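Summarising the annotation, TrEMBL assigns region 'Disordered' to C:1-36. According to TrEMBL, the feature compositional bias 'Basic and acidic residues' maps to C:1-25. The annotation domain 'DUF4910' is assigned in TrEMBL to C:41-378. Residues annotated as domain 'DUF2172' in TrEMBL: C:91-182. Summarising the annotation, TrEMBL assigns Zn(2+) binding site to C:H211, C:D217, C:H347. As annotated by TrEMBL, domain 'UCP01524 winged helix-turn-helix' applies to C:380-455.
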Amino acid sequence: MTDDARDGNRDESRTGPRPARDGHRAGRGTVTGEEEARRMHALVERLYPLCRSITGDGVRRTLEIIAESVRLRVREVPTGTRVLDWEVPREWNIRDAYVKDASGTRVIDFTASNLHVVGYSVPVSATMTLDELRGHLHTLPDQPGLIPYRTSYYAETWGFCLAHDTLEGLDAGPYEVVIDSTLSDGSLTYGEHVVPGRVAEEVLVSCHVCHPSLANDNLAGVAVALGLASRLAETDPWYTYRFLFAPGTIGAITWLARNRERTQRIKHGLVLACAGDRGPLTYKRSRRGDAEIDRAVRHVLRSSGREHGIVDFSPYGYDERQFCSPGFDLPVGSLTRTPYAGYPEYHTSADNPDFVSPEAMLETLETCWEVTRVLEGNRRYLNLSPYGEPQLGRRGLYGSLGGRSDTRQAQMAMLWVLNLSDGRHTLLDIAERSDLPFPAVADAAQALRGAGLLKECAL
Amino acid sequence: MTDDARDGNRDESRTGPRPARDGHRAGRGTVTGEEEARRMHALVERLYPLCRSITGDGVRRTLEIIAESVRLRVREVPTGTRVLDWEVPREWNIRDAYVKDASGTRVIDFTASNLHVVGYSVPVSATMTLDELRGHLHTLPDQPGLIPYRTSYYAETWGFCLAHDTLEGLDAGPYEVVIDSTLSDGSLTYGEHVVPGRVAEEVLVSCHVCHPSLANDNLAGVAVALGLASRLAETDPWYTYRFLFAPGTIGAITWLARNRERTQRIKHGLVLACAGDRGPLTYKRSRRGDAEIDRAVRHVLRSSGREHGIVDFSPYGYDERQFCSPGFDLPVGSLTRTPYAGYPEYHTSADNPDFVSPEAMLETLETCWEVTRVLEGNRRYLNLSPYGEPQLGRRGLYGSLGGRSDTRQAQMAMLWVLNLSDGRHTLLDIAERSDLPFPAVADAAQALRGAGLLKECAL
Amino acid sequence: MTDDARDGNRDESRTGPRPARDGHRAGRGTVTGEEEARRMHALVERLYPLCRSITGDGVRRTLEIIAESVRLRVREVPTGTRVLDWEVPREWNIRDAYVKDASGTRVIDFTASNLHVVGYSVPVSATMTLDELRGHLHTLPDQPGLIPYRTSYYAETWGFCLAHDTLEGLDAGPYEVVIDSTLSDGSLTYGEHVVPGRVAEEVLVSCHVCHPSLANDNLAGVAVALGLASRLAETDPWYTYRFLFAPGTIGAITWLARNRERTQRIKHGLVLACAGDRGPLTYKRSRRGDAEIDRAVRHVLRSSGREHGIVDFSPYGYDERQFCSPGFDLPVGSLTRTPYAGYPEYHTSADNPDFVSPEAMLETLETCWEVTRVLEGNRRYLNLSPYGEPQLGRRGLYGSLGGRSDTRQAQMAMLWVLNLSDGRHTLLDIAERSDLPFPAVADAAQALRGAGLLKECAL
């Protein structure tokens, strides 16, 4: 019900070795990287003005726009539904909000930036002096030109956020204070896009969609996820890929509550967030620390030569917190550029579309893509001629490589695959130990398999 | 017979989870650290003049003074008693000793410093020239102003120790040479102080009491041990704490010989020595290397910010040599400041009470205390709401922390405890992995347990 | 048939502990290191002019010279014999080769350097211009004064190698081009020398003998192997030592094909190559990475203070590629000085006897020798007095050491052996953990065993 029915009867294909294929090379089609980067940034700009929260029409409109480029199944979960240890909250919507001075000028104006209103603010309509209003105002004295982002989902209150410089310029009032919002029974909304694979085992790609006008956090993540979905659509993937666009925390918890059985199919996962700033890529390991996804991302980052950092799991950050809670303990890591709360623009009005770079998003996408190439192509083989080296020349395996510029790498990759294909090492193991890029190792395995020198083992 | 009878029937309480308690916060009472430091230094000064050796009245008098502050059970083990591979030696006592020149002046005088006589020197009364005497004189030519410390427990001989400068000033003699000592059947003396816990499992704290006028080696260790006993007396500890004040090597061997069965109760142990010099703290791991005591001390040292070093076990140093012999292989490490033989004052007359700092002893005591807080508070819990994060706000677990300055640390500690409490990780595991101080982790566990989110597992 | 019959019935001696012996001190006799270095270099000079290849009379003559100093069993394996995945190739021999200009001058002359002819060149007799010849000429433009070394074993062709400077000076021709070689059915030749031990378990020492006039690669390896055999001949070794002098790749494959069963007796092995250049020693680990040979070589290199590097296994280099193929996976590492292809003189005419240093070969030999001392002397003991330290003084184990300059090391070694001899640690384990040289640890074990404090365990 909450899922594609066609997934249900694909389990039988999971046994036995996988069919031969050049999975790690498929995809991409004819769209250039430049075009992909342009499209991602355009999406960030288009989604930016919407006032999203953990519920409400902002999320719905965001999912509608996402659904223009991928087949999206949108779910509505009613207020009050019990989800794990939580409950779906009331739905929040807002039409307008402002603080007007005596002259009728909006000194704080929701229509200028939706960050001006504390998320989940209850309705207000009152006149008050600055002193009375002050307890409801949030500023950043150390970044006086920026509007902070604040929410209060689970404590009923209201408030405004504004630049500290603006606050300093306000007179004593009185002010007309209006928040035209509703907080009432409704539903929580999330969307799922599935790229069907040959097996029911899934790769989960999750990004939160609950932040209002913040570009890097997390419209860039949404854009990169869609870019990845777009590339995968041109392949015939082994794994089924599930893209989850849900509000942070309560959205992930809701999805988990409704998919407890399904979580056992998740073999690998990535939480995408802060995917477009100009800082280096950062991978945060899953709770397990040495899951295949952890090793695949590390390998891709290391062999790419891209500047990057790798950090251990901690139970803070984005929805890896939920996926890696001990009851689920899913092999889900998190890929960001500058991590959670690690840049001064974080959760301020400075996290705008200019803060997000098309090139950075493309690099994040390329990294995600290469990770899927590793996951798709990872196999375990058995060397059928394990006593001494087989004579590769006789089989044309040296000659066939003669014209390529990467001959030596290809030859080393063949020797490594032969040497370590004892039924215990996967291609990723071999790539790690040999310090060769995964595609070179996978190509070598394919050539050797073609020559009858390798047999695939069940993973 | 060699033990408190009441320990015998406490074993039943060792099964099952331990009762809830805030063990890691108990103790200390009202004595200030400054007062503790003062008391420790005063004890070092009082014990300093006594002429201790591996047997004899100097040890007895030392134990009497120790017994003024704690309930001490003193044991006398007769000469000739077989102890493991050894035998209790004859008892040595000394009344006086000197070398007098022709004018009747004592050019070497035991009453000025008991280091002047080689420990276990047999009696002598003779007149001889400097040349005849020379073979019995020990000096430190490289530290010409200091008297060395020398013993000869197992080879019958006699000798004097003196400053090399003094030796240089001696004329040809003849000299009157007297050592008024006795070496005869008697006993070896050691003392034990037990702080009873709720279970029979023990923490052993051992320090040698066989050195004459040497302050850091090991009166500072004795003083710190008594400071720790004093703090523990104000708690209701889980473990039974056994403090052993015994001569080095033969004393530890004697205790082990008489307590072979009991050693199985020792869950953790520390040998305290050189506890008062101004060098950084040094922990030497047990033979096992990764025993809980090893990890607890490392955690305390790291999270304290105190300058320190950690070194691997080696079969040399103090009585960890005996406790960590392969037949016993007890989880006993050694805490010192500058380690064994690592400072120029070591085993010389420069190791006097001025060499020992009250502040350094207090820091060593504080470290020992914090280690006991980890041992006492270490538990393994099971998260009862392991699917996703439980909603802490609803349970007041965020709010309750709002007023504290360490809110963020407390919140992170709760998230870590929830995430890792899968029945496999102890609180010490969690403190290590999260890099949070153990007390923060233990406090978080207590709060979560209070909210019904954790259940204790058997360790 | 392919082996010494007397090895066959020695297997029974492999069970149970080994007899006591001071294996790690035996050997050397009266020959000085200087004399050994001189002899090794003289052998390199004598073997240097021979035109070796993977088959043919150059290898036969080389083995005859080797057989002057050790008992060598020479094997001839006919062309066409199936060996693992390969086949023994036709035999190649060459009498003369040259390129003569119009004046009759040999501008390229095989008799001046056998590197001038591509190995396995088919016969040629023709007149051609420089342009026609050029496709058959090999030079090193970046090292214009040097002749490169080239072969073409498995593709029928012919060619000449020459200095690039020489090529630059050649006129347009025509030239008389002659290679007076034969490529016809014959056999592949290799030699084995066995130093019988007390047990049938073997240590394999292998070096390739297929390179023509290249001194470091691998005449230095041959010379060091013979130096080691010579030292071992003066001992009564525990292990049987097998020295293999065979052509690279196909020779090792041939030996493995004919000794598949025997490979199970190989407990340790070293491939010796590039053993005489002036670079630091380099050990390349076996595929297993932590085999006893890997640990023994590491220990010897570390405790020797010699400059050295240790690198992980890779399936490239010398015949460790074959011995470490996954079907065999033998514990065989490779000892070189500068590794495979790591110096500019590699595979050029600059790898001549001057490139090889007598002192470097002696250091390599000394390293090999010390490694055999570890392998021979490695044992596992049980401390028979494991509760506390045994009283060493009573047994004269302190006194007996009094006169030696390394007293403290000897005493520490005894304490370490006692502490770790719990039936789980070998002497090599103890040497590694204590950071003491293996001979000190082995001496201590012997002294303690003599005093009845240790019992040997089966390894």
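Cβ atoms are placed via backbone N, Cα and C, with glycine included.
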Query raised in the report: Going by DSSP, how much of the domain 'DUF2172' (C:91-182) is helix, how much is strand and how much is coil, in residues?
Result: 15 helix, 35 strand, 42 coil
Query - Additional residues surrounding Zn(2+), by Cβ distance to the C:H211, C:D217, C:H347 centre under 8 Å - result: C:Y149, C:L214, C:N216, C:N218, C:Y346, C:D351
Report task. Across all the protein chains here, work out how many other Cβ atoms are within 10 Å of the Cβ of C:D217 (Zn(2+) binding site). Result -> 27
Report summary line: Its residues classified by DSSP, the domain 'UCP01524 winged helix-turn-helix' (C:380-455) shows 41 helix, 11 strand, 24 coil
**Report entry** DSSP three-state assignment for C:H347 (Zn(2+) binding site)
**Finding:** coil
Report summary line: Rounded mean pLDDT within the domain 'UCP01524 winged helix-turn-helix' (C:380-455) lands at 90
